[in-house]
Structures are given as structure tokens and as C-alpha cells.
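My questions all concern the structure below.
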Amino acid sequence: MHLGVCYYPEHWPETQWADDARRMRAIGLTRVRIGEFAWSRIEPEPGRLDWAWLDRAIATLHAAGLGIILCTPTATPPKWLVDAMPDMIAIDREGRPRRFGSRRHYCFSHAGYRREAARITRAMAERYGHHPAVVAWQTDNEYGCHDTVQSFSAAAATAFRVWLAERYGSIAALNQAWGTIFWSQTYRSFDAIDLPNLTVTEANPAHWLAFRRFASDEVVRFNQIQVDIIRALSPGRDITHNFMGFFTEFDHHAVAQSLDAVGWDSYPLGFLDSFRFSEADKLRYARQGHPDIAAFHHDLYRGCARGGRWWVLEQQPGPVNWAGHNPAPLDGMVRLWTLEALAHGAELVSYFRWRQAPFGQEQLHAGLLRPDDVPAPAYAEAARTAREIEALGPMPAAEKCVALVFAYEADWMTTIQPQGAGLSALWAAFAAYSALRQMGLNIDIVPPDAALDGYALCILPCLPVVPNQLLQQLADFDGPIVIGPRSGSRTADFAIQDGLPPGPIFPAKVTRVESLRPGLEHVGEGWCVRHWVEHLETEATAELVADDGTVACWRSGNRRYLAAWPEPELLAVVLDKAAREAGLERLDLPDGLRVRRTGSLIFAFNHANRMLVLPEEVGGRVVLGQRELAPAEVTVLAL
Amino acid sequence: MHLGVCYYPEHWPETQWADDARRMRAIGLTRVRIGEFAWSRIEPEPGRLDWAWLDRAIATLHAAGLGIILCTPTATPPKWLVDAMPDMIAIDREGRPRRFGSRRHYCFSHAGYRREAARITRAMAERYGHHPAVVAWQTDNEYGCHDTVQSFSAAAATAFRVWLAERYGSIAALNQAWGTIFWSQTYRSFDAIDLPNLTVTEANPAHWLAFRRFASDEVVRFNQIQVDIIRALSPGRDITHNFMGFFTEFDHHAVAQSLDAVGWDSYPLGFLDSFRFSEADKLRYARQGHPDIAAFHHDLYRGCARGGRWWVLEQQPGPVNWAGHNPAPLDGMVRLWTLEALAHGAELVSYFRWRQAPFGQEQLHAGLLRPDDVPAPAYAEAARTAREIEALGPMPAAEKCVALVFAYEADWMTTIQPQGAGLSALWAAFAAYSALRQMGLNIDIVPPDAALDGYALCILPCLPVVPNQLLQQLADFDGPIVIGPRSGSRTADFAIQDGLPPGPIFPAKVTRVESLRPGLEHVGEGWCVRHWVEHLETEATAELVADDGTVACWRSGNRRYLAAWPEPELLAVVLDKAAREAGLERLDLPDGLRVRRTGSLIFAFNHANRMLVLPEEVGGRVVLGQRELAPAEVTVLAL
Amino acid sequence: MHLGVCYYPEHWPETQWADDARRMRAIGLTRVRIGEFAWSRIEPEPGRLDWAWLDRAIATLHAAGLGIILCTPTATPPKWLVDAMPDMIAIDREGRPRRFGSRRHYCFSHAGYRREAARITRAMAERYGHHPAVVAWQTDNEYGCHDTVQSFSAAAATAFRVWLAERYGSIAALNQAWGTIFWSQTYRSFDAIDLPNLTVTEANPAHWLAFRRFASDEVVRFNQIQVDIIRALSPGRDITHNFMGFFTEFDHHAVAQSLDAVGWDSYPLGFLDSFRFSEADKLRYARQGHPDIAAFHHDLYRGCARGGRWWVLEQQPGPVNWAGHNPAPLDGMVRLWTLEALAHGAELVSYFRWRQAPFGQEQLHAGLLRPDDVPAPAYAEAARTAREIEALGPMPAAEKCVALVFAYEADWMTTIQPQGAGLSALWAAFAAYSALRQMGLNIDIVPPDAALDGYALCILPCLPVVPNQLLQQLADFDGPIVIGPRSGSRTADFAIQDGLPPGPIFPAKVTRVESLRPGLEHVGEGWCVRHWVEHLETEATAELVADDGTVACWRSGNRRYLAAWPEPELLAVVLDKAAREAGLERLDLPDGLRVRRTGSLIFAFNHANRMLVLPEEVGGRVVLGQRELAPAEVTVLAL
Ligand SMILES: [Zn+2]
Ligand SMILES: [Zn+2]
Ligand SMILES: [Zn+2]
């Protein structure tokens, strides 16, 4: 695995570059990622391209022996471009323009901006496509960050109508598919269809779903333009993009189709503070991040990558600036996160950023170096980790174990129609992932069209639309299958499945769905039904029955159907049964300990605040660390 | 009492209609409500009216013996109409258009849309006005739903100025009435007056009150146009409209003036989840709804109806889709709600809807049938209830007992100027209603211009403007009168009453008003002053005095004045005294039990989660059920 | 000290004026403030000035022996002016116009409105500038109230560009200062710079800081226009303006530069309810206000005044109308607040308002008189206080004791970049002030350019930019200096200080900053680190070390640096040490008791709900009250 760093030569005096490059290499970094937001420096005036500085920066980094990941600068078009094409900016859901002054101030559907983005991409690829230092390209930066996938601009409306016409062929077909007869929404032509924002009350869920698909496709299209240019002009280089955490606005599987390696930006502490973890977890893991945050995304994005190749393009190196509260990681966490990525199969971990910038929006975002050029704590951790990775040698591949099926549109559908406030497919997936990982199991998060052979256990935490291909895969699957609520409940156009949910995936009819406010519970033995209950008409066996008769889990053959929201305790009980049947060895891990087996190596990570001891079942020879792990410590065993 | 159902033939294959109609009749339904949102089906293109399908639908329902309530489809104008008149849509308080894509996308003040609504109403009334199957008409649907009474459009501004000129005659009179000398708000002409939204800080309360009255009048005017057309073209049919729950944006008394029967839509579980009940009540009554939700509205809308005729046009039959959490009612609750409507004097209960639609915004809203055409739980409950209603025979009328005076503009005024966060006249009325009902008393909720003779007890929970007519009524009233805070405090134009509140209604001067944050209390014996205190200068007797000397209730002759916010415990104490003086028999009902006496029948309803026993004081011969009531059970006794 | 009252003759019949004036004098008032919102009465039509009524009002007040504070009416331009210049209204951060209908509906940057404001000011000053009754002028009213300092109008954008050009000289200098190379924000000309609102994510903090400075300067410029006119036309009269509480949107030091006396509007109960006090304090002090609210502002605004002259222009006399909850003050609090202002050096306390208005937005705001012209409770308190002030005689000046340095731009910077949710310089200052006052110390809140000689102790609770002048002052300062977190951390253009914070103010480098969510704590002995931690590289002594090694306070020579957020317990410990070293006598005051020493007099104020006894250390002869103080009581001792 390579270690790298994100670097902005344009932020620093040129005199500093060579020493920066030297020190990068000195601590074992071999990759450097540059260019991300440099458009206004590359093209300070319309049409005048200033390559000189970038030529020298690349030469300097090259001379030090670093491989360069070159980014297209399209996430930050210069002010002169916005002034020339004011309608290139996106419009938010409330109808307000999203103006220049930060980043991502463009609408994916704006043809003029797509042309400009292609132009600057081509110019960069022409100049550096064959440069020996350039080993990879990153397109744009964090598509969708700051809620920028959905734009409610005139350009988006026009493009949406074209997209609808292509998808549905005739307006009659759309009316039928969406059920527009409801509330007199019938359209007479595609031209009559508006974007679904600012309606008096909620728009048709089919309308929203189509818009979400369209908006996702616009990201795919935008990215494809850059990929095509770079492929043509820079042969042999990997193309990547940096995805984000807990972010589902576009279909990452679709964007990843054209990438060589999938990248993502890992900020466990910022994510813990910003997302829906319990207050207790936010306190307990304040300096580590919830133990499953990074691993969940590693396994998710590995599953997005065509060839399984994935990178951490930005790794949190200390406190960040953008969460509500920004504590420092425990000493050792940067190393832990790096080794955890290694254990999950990353090819690269790139720290963000080399040196903390004293100006601009991220001036309180830590780097490997402090603003005064002195090493920050992560500097030494990175250096140490580089040596350890070297010592561990090439990573063996992990064997297939559990397949967790996740679809981006499942999250769109549950968000469009939560029915119970706050319930969504993404968090169902995370809960299932976390429950499995607490048993010490390896998980692959796979799309609905993935092959399932070779897995011992399969779980679909929440999949409203079950494609036929997946039905076939499941039919051929011998191991235990766990199906979560809402699965199979909807047609591709957001109507209730004919003959009632869950359709062919489980022999039952969901006759009634209830969502429950917090505090309403159906209590079982060691588990509880909360938030969501489905009533089934079925010949299947009631496997878990609450005191009041509510059935939480049904069983038929090798399949289980959860008629309740996947909550930690319930998942623990159900997945424990399924894992045993699958012949999987379930570990009894102490709170905060996580393991990952890859080939003959077992990695163990202590995310807790206290000393933990590896359970005896975890065998093997210690090749790194000890069986007693201090907080933030890592142990590697070889079988 | 008739039972009925809401039906959308346009949602289903025509081949299904006859069997649907047959089954409706088979379970005892005699009314069917159709047409509500069918405009785009009736007039698929501008001016081309397609009656054929509706002719056949009506014929089919008629043939099965069902009486039809035909709805005008004006709540959902078709897209082609919006495209032809884009400015017909309403503008929200923030200045944003409220666009097509759901429903109620029109501005009440738009002359063009009023013409179009009249045109489609006339067309329907011409075609079906004399059809023997049509027994009633519903105008539009749920006026004001989704916050649509107030529109801040140019059309509304223009109409508001005309309305003001008519009300005040001269701009000098308006300036005087509003006190525009305050903050230099003086106007030189009616043309200078804007709508009161988007002001820097709060607009003049008199300005807001005028706008609220105007907006309410616009609803009245809009409804009157349809009523006039239907009366002329469909003689002998009842005209109704379906009001909503806890909704006060327009004066329902005024709209009801032109209706033959007042309808409302009863969703006790959705209302419980959406409105300001305590978290404890939301959990305790999650599957029943607070026991007073339905009854409060029954008694409120009966009081709105000129002749006392009122209908439940939509009755919740299972989980709904629109609340934050949507649990299922207890088994039996649909029956309980139906019989409760009967006990309160309803002429009709119509379930919403016949069959759950698998598409569109309400696909998770239950019906009597599941989407797969199999009976849902409410189907059998409706059938059973139909038989029971038949068996009980015609309902005798209830005797007058307690009059609770409520005015819509009281709620506007307390909302415009809450003075203490969250306090409003509607919830004061609900608290008083609930307290009285927990004593087993029958309540009529009446407008301020109602006759009070025949009542034993009268309460005005919160009535800032007391009209002279009511003063006279109260002077003639012999029974105990309970007057809540803020009553009599304001002139019709939102100025403090000359000579200080409460004016002639009680011999006192309110010299000071305080609002208290939650936690600030003045403790009495078994009650507490919270939220609101008034200091009085009066010769009246201090009847309830807190430990610290704060007076919660003053008494003078047959009148009591509450100098504190009407809270449950305080109300229980005060209303108990008043009820005793009125010679009313107060029942000691267990938590969750409610009774309603109508003529010689006593109905009892168990809204609790546990078995309850009727108190011994409740005498009579059991004609339905038992004296021990399981949850959701109903008992009827005959004296 | 004078007592006065705010009066609106235009609200009352002219026949009442003489008796009003007579009664004002009768209870000891000598000042009356008028004219504030009277523009539409003075100029009912464009250009037609109606002075007659105001001539008579002034004559009447004059005849009674009252000195008049005459206000320019520019906070409420008439509707006809807004109609003539619609673009004079401000635009809010969301892009919405802030329309006519309340007050402060103007944009400070609108040249047309500035001309109109100058015109009406000149007209008033020409007419009354030499009137013998006029003793002072107030410009406008409560600049910035209702969030009106920042306007995002076209006029503001244009003016901002001019302001930037003047400040930075060249666009290159601005690009350099702001670090616009970050995220490709580089500008090619000043014309390209927009206002920082509605950006996709946060704008550059340097951009926001410049805008905040500009917006503040616009207030200064607006005020200066009126001051210049009045100075020229009304020689010998004081000019004042009424500032608000907990309000930092403009630099009050800068506005105060041109004033003779600084005024402010003191509403302790409204402020308690509206600002970030703990729920416990909001309940405990519901009828008194937090004991430090009024005093903090007295000492803050005295520090703003060039010559130390300051007035309370509006004093809460009872319940107000504008907070979430509006209880009445304890009996006696109006007197306490008045005497507290006296003890802190006020020259005037003016009650708001004479008589409660029965109409308009503030109809529930108490006055000295009720709407029915009968004295409200504050009337007698004012009268009694007037006699007591008379008896006490002229106030001796207070000696210097503690200097607390506060800068408005410190609050802007911490608000622009809180890094930890909710942390800001204003509340750091308030916490430090409160801690010092609980020790019985006198505090002066001074600007960063104030002279520090004569003080025994100096504290800078949070001062990101430390000017050179202050560095010099501190170098010359012998007493203990306490420096709070973030101090010295930023350049004037919001970049991290070269060589790392805190720069020359303390011999250390802040190498890392952490913000902590509530619940994360580093526990020391009797104190705790919460919310914020800084890690220092320093030779200084760790003075306070938590159990886990976290250093809360460092010491070097006479300076202490707080590496943690200034929380009450921590401040109590640190300031106690510092005060002892400074040789200051620290009192052990019971909860809710506050004292203020001025010359040979010691005032004591009981803000608690219970009887308190003055500690023995507080010596002297009782000249008012007793050593045992009932709630809301005041005692004065002479040494
Ligand atoms: Zn990035
Ligand atoms: Zn409806
Ligand atoms: Zn004021």
C-alpha cells in the first residue's frame, strides 16, 4: 500500500517546494495529490493558461521520487467564469442561487459549464497526460459535497424533461408509471413536467425518485466527460474520484463504473460529530470515531470498484474545522486508521493535508505539518506506519464471508417516503454492518447486481426494489439470507409491489406497515421492536415473537424476513443465528475492539478508551503489537 | 346514521367498479363520495370535457343502491390550467411560489382561478345536478390544508386593499383603528398598504388581524361561488365541505353558514402525532388518539352547522401516511370512532378510503381494502358497526348541558400576539373541553353569537373580543359562567379595551399580564398557576389563592374569572365547582373512559390500554357491550 | 443622576399633555425623551412639515420644567418615502426584502435614504436646535435592532466594493490578505467581489470579516451624518444614541467616538429570556434578570464613552412584550436597577415608557402608567428612587480596579469561525465579568486601545487580534494579566498568526486547538476544562493541570494564559489567584448578592429570591437600607 499526501503548491512559496518533497519521501510517502482547486492559478484570465508554476511544481515533486495524482480543478471554477456565465450556478431547493465564494458553485446540468470543465480538463491532460511523474488522475473533488447534486435550475429542468422522455418514451407511459391520476397530476407532455421542489405539499414519490435518478445520472455524465478526455490523453494512468462519507445523493456504483480505482475521504471524527450517532457514542468515541465508520466505507467503496481497487484519498490527520465540535484524535489513531485501511485492502492512504494552511476556510484543519512548518502529531505516526507497512509486506486478499447488499436508490426511496421520521436504508445498512462486524466477521458491501457465490451469508438490510437478477442470485444461494423491512416493497417507479410486498423474495404478504414513535416498543427476549413493524400474512415460521405477540423475524427455508426496523439488539440476535447456520465463527469481541482477517493475517484494532485483550479464539502469531491493546493500538497476527 | 366511503373510480379499472359497489352495500355502506380530485380526468384538455367515464361510474354506484356525495374537483386544478395562468398559484409567507405537483396549488384571491373553479363546478352541476344518485355535494377539499389560506400574492394584495376600503371606509379610520401612529406606520391611502409578511420585525397586530380576517373571507367567498351554482342547478341536495382537525386559519362558522351539513375529516392518530400533546399522551394514546380529539371536533363542527347537521366525511381506517409516525389503531378503534360520531349526533361517517392506492403520495394510507383488494382490518369493523347502528335505531337528540364559547378570531389574535410562547385560544378551548368531558358532561362548542338559553353552565376559555350580543346573552344567563384569561381584553381592531380588560364581562380591571416560562409556578392546593397570570383590581372574591398569594380564580355572582392559563388541574378544580353549582352530575371517570349521553342513551368509550369498569353512577340497561370495557370497546346503556 | 421617561405625545390627546408633564415632574423626573418614531406625523406628506403639534408638545414639557432629549425619527421612515424609493429597504441574508410595516426598514448603504435621513435631521435641528428645553439629541433608535446592520442589497454590494478598494488599495493586496488562492477564489478586480451570503458552503472568513467591518462602518457613517448636522445646528447639547443589550453587530466603540454620552436600553428580564443563560438561571432569576446583565452593559458602555458619560435611555419598568416569556419584575426591581445604574456612574435613567400604549406592536409593554392612566407599580418605585437619589447626593467616581478588554471584532471573528458550536468572545467576556463581579470587584470593560495604567488586574477573555498598542500597554503593566483562549491567534485579515498563536502576548506556541462537545471534560480540582482546549509548546509553568494531564492554565511572569474555554468554575479559580496577587480584596458574596464601590460608597444589591446578609468584610455605615437585604433590596454604606 502506498502512503501519500494532499498538497497545494500554489499555497506556498516556491522556495519551500523542494524541501517539502524531500520530507514527504523521508517519512515514506510515495504519492502526492495536487491541482484540486488550482483553476484560477492555472488560468488567471479567460484563455490565458499559466503552466509554468505547475510545470515546476510537478518537476520538483517528480525529482524527489513522488508519484503524482493530478486533480482536475473543476470543483472551483474561477470568478471570471461565473461572471461570464452567471446561470452556471446551481439553484437550491428554495429557489435561491448558490453563489460564488466557496466551492462547488456549478450546476451539473449546465451545458456551458460542462464545456468549460471539458476544456480545462483537456488542457491539463494534454500538458501532463504523458508526464512520467503523473501516475493517476482525480476528477473534480467530492461530487455532491455541500448538497450540490440536486440543482433546481432552469438547465436542470430542461435536462430532466429530456431524461424523462428517454426513460419513459411517451407521456402516457409516464402518467401510468407515476400514477399521476392521483391528485389530478396527469401531464399532457414532457414539457409540462417541473422539478419537484416548492410544491404545496409533498410531490409524488415517483416524481422525486425520477428526479433523484436524473440528478445522479447528471453526475455520472459530468464525470464521464472528464474520464473520456483523460483516458484518451493520458494512457496508462489510473483515474479516480474522491467520494465522501455517509453520502448517497448519487449512485456511487454508477460513477465508479468508469473509474480505475475508487477513492474516498475518511474523516471519522468529523463524521461522528455530524451524523446520527447516539449522544453516548458521540462522547465515548469522540477521539476515535465510531469503530465502524471507516471500515463501513472501506467495504462499501471496495464494493463499488469494478476491480475492487480503492484508495483513501483524504485521511483525517488531526482535528478538522468543519464539524460542530472538532476534538483531536487519540494519539495513535492516525496510524490505526491507516492500518485499518490496509487491512481492508486499500492501495493508497493519502493524508489531508501536508501543511495546515493559515488562511482560508480550512485554516483550523490540521495537516501533517503545523502552519509553522513543524511536524504535527500525525507526521511521526505516518512515518512509523510507513515503516510498519513496509515490514508487513504485500497484503493477501481477504476471503468472501458476508455479503451485505446496498443500493443507493434504496436510500433515496426511504428518504423520499420515510413513513417513520428519520428511518432510511443507509442507516439500516450501517446498523447491520456494525452488528456483523461486532461478531468479528468480514463484510463485503455489494450492489444488487453483484455475484453472491462464494459468500457464506447474505443480508439485504432494506432494499425496496429487488431486481430480477438479484432474485435469481438469491435463488441460487445456499447460505442463510436475512431480508430487512421494506425490501421488495416497491416497483421501479415507486408503486407498491403488485400482490403486496415483499414480492417473490419471501413467501409472505406485508398487509400492514406501522411506524412507531420513540418509546413505543414490543419487547422480546434480549431484543425489542422499535420504529417500524410490518404485519405479515404468511406460512413462514415466526422465529422471534415479542411478549405481546408481535413477530420481529419470520423464517422460511434459508431466508429470514425482519418485520421490524433493524436495531442493534435485534440484529445481534438474528445475525448470530444466521452466522451459526452459515458455519461462521462468531467472535465475542469486547466493546470497541474490531478485527479484520485478510488471507492469513488477522488485524485487531482497539477503538475503545481503555486497554483491551484479544479473545483467546483469535489465534496466530503476533507480528505487530501485542495481545493486550492500549487505546488506539493495532495488533497483527499471522496464522 | 349513514355509513359511507371515499372512492376514486378513476384510480381503478372500470371492470372493478361494479364489484366494489356491491361490496360497499354488502357491508352496510349507503353513501359513496367521489370526484374529489378528478379534474384532469374530467377535462383532460382545456375545454374538452370527458363525462363518459364518470357517467358510467355514477351509474354503477347508483345501480348498487348507493347515494353519491359528489365533490367539485377544484382542489387540484390540472397542469394545463396552471400553465395557462401561472399567477394563479399562491405565494408563501417567504415570497416563494407554491407550485404544481401536489394539491391546493391555487390562490383564493385569483380572479381567473375563481372563474375557472366556477366553470368546472357549473359543468358538473349541470350534468349531475338532477341525477337521482346524487344526494349531496362537497365543495373542493379541505380548504386551507397545507397552510393554503394565507397567500402573499399580488392578487391577494390587491384584494386586501379593496377589502380594507370596504371595512374602514376611509384611510383615516383605518389609521385610527390600527393605531398606525405607533412606529410611524400611518398610511395615506389604501393603495399604500402591503401584506404584513416579510416586515423587519413583527407587523402591527391590527394589520395581521385584518389580513387574517380578509384571508378567511376569501375562503368564504370562494366557497360561496360554488354553493350558489350548485344550489341553482342541483335543488334538494345537501351541500357540504370537509373541514380538518385543529385547524383555525379561516372562520369555519362563516363558511358553514352556506352549508347544509358541516363535514370534517377525522384522523385521531395522525392528529395526536402532529399536534401539541405531551410526549406521555403521545405514547399512552399512540393507537387510540387522545380520547378527546374526535369528540372535540364533533362538538365544534356541530356547533358550526346552522341546523346542527354534521358529517364525518373522512374517517381514519388504519395507519395513515402523513404524520411523523404512523402506527395502526387498536383493533376496534375504527368501530369506536364510528359509534362515538353516532353518539355525538353525526348523520354520516364516511371511511377514507375504499381501497389503499398503490401509487401516488398516499400509497401508505390504509383503506377498508388492502391494495390487493383483500379486506383490511377496518372492513370487518365497518360491517359490524353498520349492523350495530341499525340495531340501535334512530338516535335521540342530546339535551343542552355545557356551552363552551369559541371564536376563530380568538385563535388568530392569540397566535398573532401570544405574549407567552405557544399559548393560544384553540388549545385553551381544547383543555377546557377535555376537563369537562372527563367529568362526563356533554358539551356544545358554540360561536359567540349563539343563544345560551337552556344551558346549565357556560365557559369562555379565551375570548379576546366579546361582542355585545354575547354580553347580553351572559347577562341573561343564570347558570355559572367561567371566563378564561385574555377574554374581553381587546377591541375588534386589536387594541387594549378602553378602561382596561376584561371590560363589562367581569367587574375587574386586569392591571398587569405576565407570561411565565415552563417551570415557573404558583402552587395552590391540587392546582398550579403556570404560563400566564393576570393581576386584577377588583371587588370580586378571590376564590383560589396560591401559597404565595397569587389569585388563580376570582368570583363575582355567577361569574368566575380565571386569572391564569387554563391548565388541566386548575380547570378540574374550577369546573368542578361550577358544575356542582349548575346542578350537573359530575362523574368520576377512570382515565381514558369517556361517556356521551344522548336522549335516553348513554354511550361509554374505552380509550385506555386496559380494561375499565363503568362507574356505578352510570346507570341504565346495557343495550350494547358490557359494563366492563376492554380497550377500544364501546358500551351503550338505555335509561 | 437625572431620572427621565420616554414619551410619545403623538400617541395621546393633546389635552393630556400638560397633566402628563406635571406628573412627571411630581415624581421627580427631570428629563423626557420624545420624537423617536414621529416622522410620519412631522412630515405627513412629502415635503410638508407639520411642526405645530411638536412645537406645542415641547412647549408643554418645557413649561413643566422638563429637559427634553429629542430623537431624530430616522428609524421609521414613512410609507410614502419607501414607496418613492423602494430599493431603500434592506435585503436579508436569504435575499428577501425586509419590507415596511414595522421599523428599521432601511439599508444603511442606500445613498438616497442617507440623504433623506439627513434632510429630516437638519429640519428638526434647524427648528429646535436652539430651543431652551432641548438638552440633548438622540440619533435614530437602536441601530441594528432586528438584525438590521447587515444588508445584502445592491447598494451594500456597491458600497462594499468601494470600501474594499479603500482598505486594500489593490486587488492583489486583497487576494494576498484574504488568501484567495484557497479554493480558487482569486479576484481580478474589486468589482468582482460579491457579498458573502448565499455561498454554497461557508465563505472565506476573511471575506466575512471584511463585510462585518464594512457593515459596522456603514452604521458609523450613517450616525456621523446626523451628528455633524446636530453639532452644527444645536450647539451645547449632548448627542447620544441608545445601544442595546448583548448586541455586537457594529463596533460600539466606533459609533461612540462621536457621541457625548453613550446611551443604552436596559431590559434585564427580556434579555434573560432571550439570550443564552442556563435554564436554571432563567428560572432562578426570572423576575430579576441575571444579576450581571445590567451591570455588564453599564460597565461596557461606560468604557465605550469617550469621556465616560453614559445614560440608560430605556429602563424596563415592568413586563415587556417581546421576549418568549414576559413575567413581571419583583416588586422593587425597578428601583434596584435604577440605583445600580447610579452606582455604576450613570448620569440618567429614563424609563420606557410613560404610559402603556393600548395599540400597536408594544401594547403589552408596561409603562409607568397603565393604559387607563393609573400608576403602574413602577410609578411609585421611580418616585421613591428619585427621592433617594436626591438624598444620596452627587456620586463620587469609582477607582480603577480590574480592566477587562473587549473588542467587537473579537466577537465577529469567533462568530464567523466558532470552531466549537456556540462559542463566542462576547460570552467569554460575560463569563469573566460575572466571575469577577461575584468576587465583589469593580470592573471596567475597555477597548483594546484603552490605557491600562491604574488598574490592578487585567483580563483579555478572548481577543483574536491583539493590536501593537495593546502589546505595549501590557508590557508596561505590572499587575497580573489573564489572557483567554484564541487571543493573539489571528492577523487583522483573519489568517493564523505567523509563528503560531498567541504571538508576542504570551511566550508559547498554540500547536493545536480542539473543541469539545458538551459532556467531554478534563477534570481538575474544583474546575473542569470544557468546550475548548489548546495545546501549548511553552517554557511557561503549568499552573492548573487536570487529572489526565490537560493544562488549563499556564503562567509566565505576571501573565496567565487560559488554554481552555473560560467557564465559571475555572474562571473562579484563576481570577481568585490573580486577584490575590493584585492585592485586591476578594469578597465571599452569597449567591445573587452584588456590590459596587464608588468612591467612599458601597452599594449592595440583592438579586436573589431570598433574604441575604451582607458579609462582615463589607464595612461602613448604612446610609440606605439595612445589612439584611430582602429580595430586590438595595443597601448603601459609607466608609
Ligand atoms: Zn477535499
Ligand atoms: Zn381528503
Ligand atoms: Zn426603543
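Here the Cβ of each residue, glycine as well, is placed from N, Cα and C on the backbone.
Keep in mind that TrEMBL annotations are predicted by a computer and have not been checked by a curator.
So TrEMBL says this about it:
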type     : residues                     : note
DOMAIN   : A:6-391                      : domain 'Glycoside hydrolase family 42 N-terminal'
BINDING  : A:ARG103, A:ASN141, A:TRP322 : substrate binding site
BINDING  : A:CYS107                     : Zn(2+) binding site
ACT_SITE : A:GLU142                     : active site, proton donor
ACT_SITE : A:GLU314                     : active site, nucleophile
DOMAIN   : A:402-585                    : domain 'Beta-galactosidase trimerisation'
How many Å separate the Cα atoms of A:TRP322 (substrate binding site) and A:CYS107 (Zn(2+) binding site)?
23
Using a Cβ cut-off of under 8 Å to chain C, which of the recorded positions A:CYS107, A:ASN141, A:GLU142, A:GLU314 qualify?
none
For the binding-site residues A:ARG103, A:CYS107, A:TRP322, which residues place their CB under 6 A from an atom of ligand 1?
none
Looking at the active-site residues A:GLU142, A:GLU314, which one has the fewest other Cβ atoms within 10 Å of its own Cβ?
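Minimum Cβ neighbour count within 10 Å, taken over the active-site residues A:GLU142, A:GLU314, occurs at A:GLU142.
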Could you check what DSSP calls A:TRP322 (substrate binding site) once collapsed to helix, strand or coil?
coil
To which of the binding-site residues A:ASN141, A:TRP322 does the lowest count of other Cβ atoms within 10 Å belong?
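Per-residue Cβ counts within 10 Å for the binding-site residues A:ASN141, A:TRP322 bottom out at A:TRP322.
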Please list, in sequence order, the residues in the chain of the residue listed as 'Zn(2+) binding site' that are at least six apart in sequence and whose C-beta is under 8 Å away from its C-beta.
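Those within reach of the residue listed as 'Zn(2+) binding site', by Cβ under 8 Å and sequence separation of 6 or more, are A:ASP87, A:MET88, A:ILE89, A:ALA90, A:ILE91, A:TYR113, A:SER151, A:SER153, A:ALA155, A:ALA156.
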Let me know the DSSP-derived helix, strand or coil state of A:GLU314 (active site, nucleophile), please.
strand
In whole Å, note down how far the CA of A:GLU314 (active site, nucleophile) lies from the CA of A:GLU142 (active site, proton donor).
11
Which ones in the same chain are close to A:ARG103 (substrate binding site), with CB under 8 Å and 6+ residues apart in sequence?
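Long-range Cβ contacts: A:PHE37, A:ALA75, A:THR76, A:ASN141, A:CYS145, A:HIS146.
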